[in-house]
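As written in Swiss-Prot, here are the features:
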MOD_RES   28  phosphoserine
TRANSMEM  56-76  transmembrane segment
TRANSMEM  82-102  transmembrane segment
TRANSMEM  130-150  transmembrane segment
TRANSMEM  178-198  transmembrane segment
TRANSMEM  205-225  transmembrane segment
TRANSMEM  239-259  transmembrane segment
TRANSMEM  282-302  transmembrane segment
TRANSMEM  319-339  transmembrane segment
TRANSMEM  371-391  transmembrane segment
TRANSMEM  395-415  transmembrane segment
TRANSMEM  428-448  transmembrane segment
């Protein structure tokens, strides 16, 4: 696949097309990042990509499934039960798939190869900058969620190793704040400082194995529950329509693979919108099966008593669940640096454009700036993770932001793409597509505003 970069308007901002680190970071971990010549990267070039249709399905599924899986049983509880949770996901799936197809269409029309480049080219500079800022904030919040997940799983594993009863206070070295900090400084920080990402394939493998294993464990534990596990109240209907919307952040966070989808589309052997529609439909159906299996079985196992992280609801002594916790920790340890690289790349691009300095002119200070950016990012995410009690509070905020990537930006791209057409007489299909774009933007803005306001309101009352 062709080398990509974060900012596309090089002539205006004085940036070179050889953007070094930033040229590779906002791709899916599974996408080939080897640079090619301009001829090979062009639409008429002999090689449009190396990813097969089946491979693209796997990559999109891998990009979709992740840490949000742990919060789906709690989302079913919030939504008001199994029926409401299923209906909500099925309804959302139509918009999620259409957003992925719209991005591919706009990528093909604009000849851009990353999410933010497509938004920048189709919607203009202001929307492009907002998109980059949103990506930076989203990756920052996801990094916080990753550290909280590490602490959650370590608490359970340490309790078993130290043979401490649930909730009992142990020695200082088993304290949650200490164990999260130690793990972060020993493993995450060293992986985050380097300029290159050399462990992407391992992160992808661990993420896939861990996700499927967690799903299998949750389903098996529902079919053959342990005697000491008793479910709480099983809700059958939502308390209010607002309760259903409160489950939206988890679903948006879980299904958000749109940012990495554009590079995947351009890495395909046949990057055609029709083929891509089949790819994302198959991928989303697979992801839906995994999320629904985990959400339904986890919710029915524990009912309204389910934790925001479903693995915390299981006994510490359960060895099968302990293996799942170990998988999740390993997956998150390698996923945090990748998300951090993405966020750091966007911050770096925004900073250089603000300064009006090209990469080549500022290469002497690149390492010092990279280390400083990494340390500030790492310390802020760690500090917030130490004092935020569970991943549900983080997902409630960044899940609303994920709605912007799923609804708002694709909707704006569709509207702008259709408005740019020079037809004097607009056919009915033109009006339908523009109206659908308006619907996407309106729905996404509502979800973002409602969920973010609700998250802030709940946290202020807590």
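Placed from the backbone N, Cα and C atoms, the Cβ positions cover glycine too.
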Residues from the same chain, set at least six apart from the ends of the transmembrane segment (428-448), whose C-beta lies under 8 A from its own: 95, 98-99, 102, 245, 248, 252, 400-401, 403-404, 406-408, 410-415, 418-419, 421
Contact between the transmembrane segment (130-150) and the transmembrane segment (371-391) (3 or more Cβ pairs under 8 Å, separation 6+): yes
Candidate ranges 82-102, 178-198, 371-391 - greatest C-beta contact count to the transmembrane segment (319-339) (under 8 angstroms): 178-198
Ranked first among 178-198, 282-302, 371-391 for CB pairs under 8 angstroms with the transmembrane segment (239-259): 282-302
Positions whose Cβ lies under 8 angstroms from the transmembrane segment (395-415), at least six residues beyond its ends: 68, 71, 95-96, 98-100, 102-103, 105-106, 115, 118-119, 122-123, 127, 131, 134, 137-138, 141-142, 145, 246, 248-253, 255-256, 258-259, 308, 433-434, 436-441, 443-445, 447-452, 454-456, 458
Distal contacts, the transmembrane segment (371-391) - CB-CB under 8 A, six or more residues away: 67, 70-71, 140, 143-145, 147-149, 151-152, 176-177, 180-181, 184, 188-189, 192-193, 307-309, 340, 343-344, 347-348
Cβ contacts the transmembrane segment (82-102)/the transmembrane segment (56-76), at least three under 8 Å, sequence gap 6 or more: yes
